[in-house]
Protein chains: 2
Amino acid sequence: MRHKLHALSAVVLTSLVFGLAGCGNDAKPAASAAASAEQPASAVASAAAPAAPASQAAAVRNEMIKPIPVAEVKDPAMVELGKQLFFDPRLSRSGGMSCNSCHNLSMGGSDNLAASIGDRWQKGGINSPTVLNSSLNIAQFWDGRAKDLKEQAGGPIANPAEMAFTHDLAVAMLETIPGYKAEFSKVFKKDKIDIDQVTTALAAFEETLVTPNSRFDKWLLGEDAALTTDELKGYELFKSAGCVACHNGPNVGGASFQKMGVVEPYKTAHTAQGRMDVTKSDQDRFLFKVPTLRNVELTYPYFHDGAAMTLTDAVDTMGKLQLGRTFTPEENGQIVAFLKTLTGDQPKFELPQLPVSSDSTPRPDPFAK
Amino acid sequence: MRHKLHALSAVVLTSLVFGLAGCGNDAKPAASAAASAEQPASAVASAAAPAAPASQAAAVRNEMIKPIPVAEVKDPAMVELGKQLFFDPRLSRSGGMSCNSCHNLSMGGSDNLAASIGDRWQKGGINSPTVLNSSLNIAQFWDGRAKDLKEQAGGPIANPAEMAFTHDLAVAMLETIPGYKAEFSKVFKKDKIDIDQVTTALAAFEETLVTPNSRFDKWLLGEDAALTTDELKGYELFKSAGCVACHNGPNVGGASFQKMGVVEPYKTAHTAQGRMDVTKSDQDRFLFKVPTLRNVELTYPYFHDGAAMTLTDAVDTMGKLQLGRTFTPEENGQIVAFLKTLTGDQPKFELPQLPVSSDSTPRPDPFAK
């Protein structure tokens, strides 16, 4: 089996050139993308997601996808605080929305909606990406406008179409809650809570939301029986067709910005311009952060506009638009079968109990004029 | 201490007459209300909430408030299924609201909003009561229109202002999810899922949501040091002022319908007529199910219109309107201190993982015209 896969590698490297053409990133030369994909997990993962231990790394198959490293919890009290904040709707103007509303940890860290429901039922601007394994991404948001989870975490709280609060009001609210005061003080050793502490704690919790032990990772770590013949065929096709050129590394994506619609333009009524909205460079038009394929079975619908309702649809569209290839139903089914092996252990924890408000905690009115 | 409390009982029984006058229920004679309040916990608790074991019952102080019995899980698989359903937003039209949205188990089983946020941001018709210990209530909803949790559970799913789905669509959705199919089949041994199974499982989960081991219950069970002097004074006042006439039994309420505004009318712009909306009898105008005071610190704001933002407000208003009594700030503080001892162990469980949708599961559109 090993021998066969090594032989396959040659095919992959050949097809990679084609693959990269079909998944082109005008901003990065093909060679560097291929090289970074071949780097060990630690190179792509954030500092918070440690590389696999050496003994494990030695056993990893030589593939462009790397196993998800187990999360290392450095500060349990900070992670616990971040978890409470993640579930706390008092961080929203209405008092009715939390991070977990759109990044639901019961549903793959997503809301399974094409567009999320924001404050006053506003339609979300872009499909909510999963929070799972997001620490492994090169940047946050589809357009990468936040460099890390800490920077991301402040976004939705203050976005008028999302949680619609302000950082000042959120911090002032937290200051009135004795339970939070005690926790922040213990974790950050400061007299006052500030938004930096809030986003630091949220990021610390989110960094624990990795999903190791998928069947595919077991296979990567040498367990031949972890995949069925069809799933393995799907993976071989995923490589030979060129999908792996963009969807690689431990997060099977998340490592680069790529154009949506290479061989054919992507038809959508959605107005997002992707990376260009950040860089203002026309070269970056329709470049989006490659979404992770980890737990992809759980995170439907797909694409930045949420237009692909099923994995079958998504694989079909990606094949045509990015690779100029029409997969047969059998091929599509094999790739989908492979993709479903990327579902790992979901985060396990007790539903947090939130510190109780005091009499001076503002009482939000979702219906205020 | 025991002796002193027995002596107090006489005072309580005397004040009870006054108390009942101040908390009158035109539908029930005072004598029967007093008698039922003196019955053991098992008489008020639903069948699902077993009475305390005899050895424990023997040690219980002779008070009108009884300890919360520990939940007995008869069918763990059904409870687990009910838990998943409780957290599943696919039971709503939008795909964005679950039972937990308004009965948030991280926040005392409530949403801490005066009026809940419903489908398309509709304003909820009445303050969402806590789901905690709700199996101990004589009926469900503020007006008691559902006789039990099973009957209640179907309500919000199909209420156009709440989850805004239909029972047929909810069941059809569940039928497309292999994980649910397997669980329902295992629990109910039937080929088809129906709404009766859905509400049965939801009720089975909700019956486990009791909160034993509050400091007050420890005191009831003989632990003198469980309450401070101020808390005990608050309880004595709670009894002597007449609050206990309505707020009694294991749920410290939930056992009868009583008029809101006895000595003085309750001023509110809210249109709910309470029990009259169910019975159509003018005698029942403004009669509401007495809310539980269990975990009341966690379940603000208070009253059916959510108008009392703090416990201090609520105690003040209740004193004036129900009992014709203005508590001094010291008295109010003592009663509030006592009320905070009613917070028990919150339900502890792992955040459930929801069974994944299949390709044939409908994809909800919250923004559909």
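Including glycine, each Cβ sits where the backbone N, Cα and C put it.
TrEMBL annotations: computationally assigned, not manually curated.
Among the ranges B:265-285, B:349-369, the one that TrEMBL lists as region 'Disordered' is B:349-369.
When TrEMBL records B:CYS243, B:CYS246, B:HIS247 as binding heme c 2, the matching candidate from B:MET107, B:MET163, B:MET173, B:MET318 it lists for that site is B:MET318. Sequence-distant contacts of the region 'Disordered' (B:349-369) (same chain, at least 6 residues past either end, Cβ-Cβ under 8 Å): 80, 83-84, 87-88, 90, 92-96, 120, 169, 172-173, 176-180, 183.
Ranking the binding-site residues B:CYS99, B:CYS102, B:HIS103 by the distance of their Cα atoms from the Cα of B:HIS247 (heme c 2 binding site) places B:HIS103 first.
The two recorded residues, B:MET318 (heme c 2 binding site) and B:CYS99 (heme c 1 binding site), show a Cα separation of 29 Å. In the three-state DSSP reading, B:MET318 (heme c 2 binding site) counts as helix. When each of the binding-site residues B:CYS99, B:CYS243, B:CYS246, B:MET318 is scored by how many other Cβ atoms sit within 10 Å of its Cβ, B:MET318 comes out lowest.
Residue pair B:CYS246 (heme c 2 binding site) / B:HIS103 (heme c 1 binding site) shows a Cα separation of 24 Å.
The Cβ neighbour count for B:HIS247 (heme c 2 binding site), using a 10 Å radius over every protein chain in view, is 29.
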